[in-house]
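According to TrEMBL, the compositional bias 'Polar residues' annotation covers 1-10. The domain 'Amino acid transporter transmembrane' annotation in TrEMBL covers 83-433. Residues or ranges marked as region 'Disordered' by TrEMBL: 1-20, 37-59. For 112-135, 156-177, 197-216, 223-247, 273-293, 305-325, 345-368, 380-397, 403-424, 466-485, the entry in TrEMBL reads transmembrane segment.
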Amino acid sequence: MSRLPSTASDNEPAHLTQMEDERYRKTLIEGFMSVPEVEGDEGASNGDPSCQQKDQKAQEYVEMDDDDDMTVVRLAAGELKENTNIYKSAFHVFKANVGTGVFLLPTFYPDAGYVVSVILGVLIGAAVVDCTRLLMDVKIKINRSDVTTYSQVCRYVCGAGLGWFLFVAMCLAQFGFCLMYTQLFGDTMVELANFKGSKYLWVSVVFFLCFPMTCFSDNLSLLAIASIIATVSVFYSLICCFVMSLVQLSQDGVHPGCDVAGNRIPVGWFNNLANNMMVLEGIAIILPVHAACTQKRLVPKMATLVITGVIAWYILFGLTGYLAYGNSMTTSLVAKMAHSPWGTSVRVFFALNLVFTYPVQFMSAMQLIDQTVRCKPRSWMGIGLRLLINLVIWALAMGMPTSAVNTVVAFVGALPSVCMVMIIPSILAMHVKYAVEHPDADRNTLQYWKKIFVTAPCFTFKRIRCYVYLVVAVLIMVIGTYSIAETL
């Protein structure tokens, strides 16, 4: 007696439909042909050969494990793998905002004093949080699968002009950070092991350690390992430096060089704002984190909490360091640690933080370059570009003295960071509604750009905030740059 085809259970069609939906989502990314629909109970019970074929294919999809599914995904140039949970994403946001600038914070306070610096820190911190939320809201408002990165958002809302403006600003900022990390690593290691030519050796060590990690800039889940190591290292270094500042305060009191409102009023205030913009310039990683996170609805709240916590810690850390050492500091707070076993451990962990933060900061700008030249990270062109950029950073670090770190920091904060953190998000937030309603409009005409400022209603609370951010950003760029140039 021949065996009849078994009738599908009640749960099977729903299960197959779910698998089919998942497969269909994958095929949209890969560009493969769409899978055929699976027939229900009626086709199975009739023994139709075509239905049996479809059931067999559906069963193959059901039996496909996660590893098999991931191997067939083909990412476009500059596209990130969507494989990062909310906790790994939080590490990335934290590390993008807490690199080495936090150790330089006490050197920013002489420009504005211990009272005005705190006020400016709170104000600029609130603006950074708001601009970060505005940028994420713009991406969510657009809601297109082909518009996920900062550059793509700029091009969609305001055309190629703003996209290229962002490209230049982000490359200057992110690679400027990598240069600063390389310089500080060399300076820190020279304090641990100083010999003839030691600076050049340690700068070269950064190149050989960081270049391989930059070749995996498309995989934020893998880079999360670097973020976690860097986070643990920076926590240890920060806590030790904070304790050292408290001990110094308890022993010697407030440093006599401390000032209430700074020694360069009001020009120094804008220099202080520019420096604060630099240390809070983690906005570049927000959209890549959102694109790679599997829990996207939690990203805005997570980013707000993480950045707010970072700002509070920055104010506390910078204030205590300034009160303890006044205007006697010229480089990082780590340099004030005594040459003891404790001080050596702080320097070692600080150096680890520099090495493992480097690829995280490198990723954002490199993603834009990958998209521009349409190459994959581990293609010959992708590896060649990464090698070239790392060699340029290495050469600049070899030729520049360590004393130039503060100048690099200030210029990064006054120019590219202000553009990325305040100017571009404000423009995007004011114009995204019109852009979504007119997707086919030419973004490169004067008439289109005029709509940014004349679209009704002109004076909503969000638009007023954006106007304020634009004015403050221009002042920081102009007066902050003048303040930096004046001290050269």
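Don't overthink the numbers, they just go from 1 along the chain as shown.
Here the Cβ of each residue, glycine as well, is placed from N, Cα and C on the backbone.
For the transmembrane segment (380-397), the list of distant contacts is 175, 178-179, 182-183, 186, 203-204, 206-207, 210-211, 214-215, 217, 362, 366, 369-370, 373: same-chain residues at least six beyond its ends, Cβ to Cβ under 8 Å. Only residues 6 or more beyond the boundaries of the transmembrane segment (112-135), in the same chain, are considered here, and those with a CB under 8 A from a CB of the stretch are 150, 153, 258-263, 268-269, 272-273, 276-277, 280, 283, 286-287, 300, 303-304, 307-308, 311, 314-315, 318-319, 322-323, 421-422, 425-426, 428-429, 462, 465-466, 469, 472.
In summary, the transmembrane segment (305-325) lies against the transmembrane segment (223-247): three or more C-beta pairs, each 6 or more positions apart in sequence, are under 8 Å.
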